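Peer 1: Have a look at the structure that comes next, please.
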Amino acid sequence: MPMEKGPDSSQSNLSGRDTKMTLSLALVTLISAFGSSFQYGYNVSVINSPAPYMQDFYNQTYTDRHGVFMDKNFQTLLWSLTVSMYPLGGFFGSLMVGPLVNNCGRKGTLLINNLFSIAAAILMGTSEIAKTFEVIILSRVIMGIYAGLASNVVPMFLGEMAPKNLRGAIGVVPQLFITIGILIAQILGLNSILGNAEGWPVLLGLTGIPSVIQLLTLPFFPESPRYLLIQKGNEEQARQALQRLRGWDDVDDEIEEMRLEDQSEKEEGQMSVLTLCAFRGLRWQLISIVVMMMGQQLSGVNAVFYYADRIFQSAGVETNNVQYVTVSIGAINVVMTCLAVFIVESLGRRILLLAGFGLCCGSCAVLTLALNLQNTVSWMSYLSIVCVILYIIGHAIGASPIPFVMITEMFLQSSRPAAFMVGGSVHWLCNFAVGLLFLYMEAGLGAYSFLIFCAICLVTMVYIFFVVPETKNKTFMEINKIMAKRNKVEIQTEKEELMDIHTIQAGQAEKKEISNSSNL
């Protein structure tokens, strides 16, 4: 029920009334996350299971063309390109975020982005019939660009649409769908389903279906109200979008909060990445995002998944059944990320970040010990399994989902696209670096590789403890004011602005009165 307006009703309403999840907000969240974030996760793991069959196809295609078998080193190079082009494409996609979201809007960018996915799905699905492996590598770049855009634009879009009391939960939903995408790819990639010589083209081509669904349904939902009001200057459309998303007509408080944000940023305009990096008022926000993104990707999550098969085999799991164990790890990842959706608003962002990186840090340390002793102490292999599960839990509740939520919350409208470009670029470059370097690390250091990941998790956790504030249930302006103190810059509060206006008005009235009396 709308609250009656008092003298300072906008501030009291903004802090006093919790908005419930409406059907419209729930649907736009699910459609955005399923149509975009799901495919990011799906394409992370879709080529893992059918890898031997795809490599056979590469070899057979080359043999048919040239009459000789492909050189082993050349085949390794082609497969490395197939794997690594995805994160590299993600980096290029992240660089496109700012120009697209500022010119086409958040929703418009997601709709345009679907064209990348559909084109790549068609190319991959028909690659065997066309007898060309080159289009698979090209399609992995295209899907990477798609994922780079989706991984940044979906959290931005949903974060700007969500009310402050649901922003954390809604912000974790994209990560939930990434984990669901990984799990579905693992299930469909089982040898008995599509992970075989006949089924892999279909497995790769299925990625286009969520994009088609999003392309048909998302146009019926509103654009980000903050984009409409602050960047397009269309208050009427912003008001209509908010009314639909909130389920009530009284949205004056949120409109007023957006106006204040707009006024505080008018001098800055839309920030480029270079401007953001040089801007003192956002220095600690930028450093925080870079640290959290690096911690997220360099914390060893890819290494844990890489080692998981060997760990379970050493514990007695048969080679043929390891694929089912991989699926079970994917299921744990989904369940724990789902838990994060429900607890992020009650526990807060800081607790989940600290607990998540703490669990990852402890798991990596113990895992190093367990892997080195498993040949001499029989039960160490079971301890390794426990460490893997605890690590997955830690990453799922904090390290994976929360950094993207924090980018949305720690930056205002003018700097948010540039911040996502920086955060997304760091995310994908670190992902690419780990994929490129881990095999060399593993060859040189073996299980001691996890000590490096342990140290990275520890450094990230210490930084978060001392620098990153709690942002739960705060408006973007309130968070900006908290960070302004650390940046040693001043931001006028709403009350100060109102006092300044009253002071100016009082001064003008006094001058008018003096002028009138002198005329008399």
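Quick reminder: no glycine exception, Cβ is built from N, Cα and C everywhere.
From TrEMBL, here are the annotated features:
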- 21-42: transmembrane segment (TRANSMEM)
- 29-472: domain 'Major facilitator superfamily (MFS) profile' (DOMAIN)
- 77-98: transmembrane segment (TRANSMEM)
- 110-130: transmembrane segment (TRANSMEM)
- 136-158: transmembrane segment (TRANSMEM)
- 170-194: transmembrane segment (TRANSMEM)
- 200-221: transmembrane segment (TRANSMEM)
- 286-308: transmembrane segment (TRANSMEM)
- 324-344: transmembrane segment (TRANSMEM)
- 351-373: transmembrane segment (TRANSMEM)
- 379-406: transmembrane segment (TRANSMEM)
- 418-441: transmembrane segment (TRANSMEM)
- 447-468: transmembrane segment (TRANSMEM)
Peer 1: Same chain only, please: residues at least 6 beyond the ends of the transmembrane segment (200-221) with a C-beta under 8 Å from a C-beta of the stretch. Say none if there are none.
Peer 2: 24, 27-28, 31-32, 34-36, 38-39, 42-43, 46-47, 49-50, 53-54, 57, 107, 110-111, 114, 117-118, 120-122, 124-129, 136, 139, 143, 185, 188-189, 194
Peer 1: Could you give the residue numbers and ranges of same-chain residues that sit at least 6 residues beyond the transmembrane segment (77-98) on either side and whose C-beta is under 8 angstroms from one of its C-beta atoms?
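Peer 2: Those are 43-44, 47, 51, 54-55, 58, 70, 109, 133, 136-137, 140-153, 272-273, 417-418, 420-421, 424-425, 427-429, 431-432, 435-436, in sequence order.
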Peer 1: Which stretch from 21-42, 170-194, 418-441 shares the most C-beta pairs under 8 Å with the transmembrane segment (447-468)?
Peer 2: 418-441
Peer 1: Compare 110-130, 136-158, 351-373 by their Cβ pairs under 8 Å to the transmembrane segment (21-42) and return the stretch that comes out on top.
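Peer 2: Comparing 110-130, 136-158, 351-373 against the transmembrane segment (21-42), the winner is 136-158.
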Peer 1: When you look at the transmembrane segment (418-441) alongside the transmembrane segment (286-308), do they share 3+ Cβ pairs under 8 Å, ignoring any pair fewer than 6 residues apart in sequence?
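Peer 2: Yes, these stretches are in contact.
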Peer 1: Under an 8 Å Cβ to Cβ limit, what residues of the same chain, 6 or more beyond the ends of the transmembrane segment (324-344), are close to it?
Peer 2: 45, 168-169, 171-173, 175-176, 179-180, 182-183, 186-187, 190, 305, 308-309, 312, 317, 352, 388-389, 392-393, 395-398, 400-402, 405, 472
Peer 1: Residue list, the transmembrane segment (351-373) vs rest of chain: Cβ under 8 Å, 6 or more residues beyond ends.
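Peer 2: Sequence-remote neighbours of the transmembrane segment (351-373) are 292, 295, 299-300, 304, 307, 311, 340, 343-344, 380-381, 383-384, 387-388, 390-391, 393-400, 402-403, 446-448, 450-451, 453-454, 457-458, 460-461, 464-465, 468.
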Peer 1: Mind looking up the mean pLDDT for the domain 'Major facilitator superfamily (MFS) profile' (29-472) in the predicted model?
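Peer 2: For the domain 'Major facilitator superfamily (MFS) profile' (29-472), the model's average pLDDT rounds to 91.
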Peer 1: Based on Cβ pairs under 8 Å, which of the stretches 136-158, 379-406, 418-441 lies most in contact with the transmembrane segment (170-194)?
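Peer 2: If we count Cβ pairs closer than 8 Å to the transmembrane segment (170-194), 379-406 scores highest.
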Peer 1: Residues of the same chain, at least six outside the transmembrane segment (136-158), with any C-beta under 8 angstroms of its C-beta?
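Peer 2: Answer is 28-29, 32-33, 36-37, 39-40, 43, 54, 78, 81-83, 85-97, 100-101, 106-107, 109-110, 113, 116-117, 119-121, 123-124, 127, 170-171, 173-174, 178, 204, 207, 224, 404-405, 407-408, 416-417, 420-421, 423-424, 427-428.
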